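Let me begin by presenting the structure, written as structure tokens, before commenting on it.
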Amino acid sequence: MPRPSRSLVVIALAVYLTVMVSLTMLKAFYRIGYLWDPARQRQQTLRLIPFEDIMTAKSWFAPLFGYVGNLGFFIPFGILVYVLVHEAVARPIVTTVLAGLATSLTIEVAQYVFSLGYSDIDDVLMNTLGAFLGALVARAMGPRFHMVWVWLALVLGLVFVVLVGFGERLGDSSKVVTVE
């Protein structure tokens with residue numbers, strides 16, 4: 001499979017970043033089914049104690065879902081950044097990890113400043129680890145998969161737009177269970 005052009009990788013990364021920002025900071029403004037309540041997304045919460053959720057959770061599921069979700073959320077980001085920089089910098093994995101850290105910190109700070117979500121140090125840690133794992137996957141799979149990663153990111157962006165377009169029609173409000 002041919003290698004993707006640099007501009008195509010940048011476009012794929014921009015598409016994925018748009019999905020990331022939409023799912024972290026803009027959930028107050030749209031729905032995908034009833035996965036979340038937009039009214040509850042206007043928060044200004046700051047959690048600075050690492051792994052506090054594990055210690056204070058009423059069940060094991062919520063912290064596990066949060067940690068695994070944040071980890072997985074940044075794996076595609078790490079893959080795409082690695083694909084973009086692997087030939088341009090001396091230490092592409094370090095560059096990818098730093099990009100993941102910077103992106104995650106930017107999102108968390110913006111969530112807090114603009115009251116658009118829950119700012120949590122655990123998110124930064126898991127997101128950064130996800131970017132690292134993404135870089136490792138991209139390196140291990142090699143250049144023959146670079147075009148695959150790019151197209152997967154572009155398709156994911158399209159799927160996201162379709163899901164947002166369907167909005168509330170993807171769920172049944174009578175079956176929503178509120179969890180505190």
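Every residue, even glycine, has its Cβ placed from backbone N, Cα and C.
Copied over from TrEMBL:
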| type | residues | note |
| --- | --- | --- |
| TRANSMEM | 7-30 | transmembrane segment |
| DOMAIN | 14-140 | domain 'VanZ-like' |
| TRANSMEM | 64-85 | transmembrane segment |
| TRANSMEM | 97-118 | transmembrane segment |
| TRANSMEM | 124-141 | transmembrane segment |
| TRANSMEM | 148-167 | transmembrane segment |
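In summary, the transmembrane segment (148-167) does not lie against the transmembrane segment (97-118): fewer than three C-beta pairs, each 6 or more positions apart in sequence, are under 8 Å. Note on the transmembrane segment (64-85): residues 4, 6, 9-10, 12-13, 16-17, 20, 23, 53, 92-93, 95-97, 99-100, 103-104, 122-123, 126-135, 137-139, 146, 149-150, 152-153, 156 of its chain, located 6 or more positions outside it, place their CB under 8 angstroms from a CB of the stretch. Residues of the domain 'VanZ-like' (14-140) grouped by DSSP class, helix first, strand second and coil last, total 91 helix, 8 strand, 28 coil. Residues belonging to the domain 'VanZ-like' (14-140) score a mean pLDDT of 95 in the model.
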